[in-house]
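Asker: Relevant sequence annotations retrieved from Swiss-Prot are reproduced here:
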type	residues	note
MOD_RES	Lys110	N6,N6,N6-trimethyllysine
SITE	Glu125	site 'Reversibly protonated during proton transport'
TRANSIT	1-67	transit peptide
TRANSMEM	83-103	transmembrane segment
TRANSMEM	118-138	transmembrane segment
Amino acid sequence: MFACAKLACTPSLIRAGSRVAYRPISASVLSRPEASRTGEGSAVFNGAQNGVSQLIQREFQTSAISRDIDTAAKFIGAGAATVGVAGSGAGIGTVFGSLIIGYARNPSLKQQLFSYAILGFALSEAMGLFCLMVAFLILFAM
């Protein structure tokens, strides 16, 4: 791959590309240095500048697509983080189901089982809220 890039890129294209990289796009499009150059070296420079202007046009064309991809990735990430809230609901159901089964087996341990159930409920709910917080961070903070 490096050999292909080395053959395809001339030094003038690399210089022109690095010059465009730190300039604003409007300045790169509006100021055409190939108009002021003449002679044998200008053909290579014109080819390099045309390649750079094609890259600039491609940037204008794909910026909307890039934004759409970023938005879709945000929604997918937020949806994946929201799955943790469903896991929290399943965990809470398991905790209180185990409380009922434990109380049915040994009613004398009612107070101790209930305190463990409250602890399990709190931990499961905290994980659900954490997943919901991450989903909102993905949607609105990124």
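Cβ atoms are placed via backbone N, Cα and C, with glycine included.
Given the structure is predicted, the values throughout are model-derived calculations rather than measurements.
Can you tell me where each of these features sits in this structure?
Answerer: Around the Cβ of Lys110 (N6,N6,N6-trimethyllysine), a 10 Å sphere holds 12 further Cβ atoms from the protein chains shown.
In the structure as shown, the Cβ atom of Glu125 (site 'Reversibly protonated during proton transport') sits within 10 Å of 16 other Cβ atoms.
For the transmembrane segment (83-103), the list of distant contacts is 109-110, 113-114, 116-117, 120-121, 124-125, 127-132, 134: same-chain residues at least six beyond its ends, Cβ to Cβ under 8 Å.
Sequence-distant neighbours of the transmembrane segment (118-138) (same chain, 6+ residues past either end, Cβ-Cβ under 8 Å): 74, 77-79, 81-85, 87-89, 91-92, 95-96, 98.
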Asker: Between Lys110 (N6,N6,N6-trimethyllysine) and Glu125 (site 'Reversibly protonated during proton transport'), how far is it from one CA atom to the other, in Å?
Answerer: 22
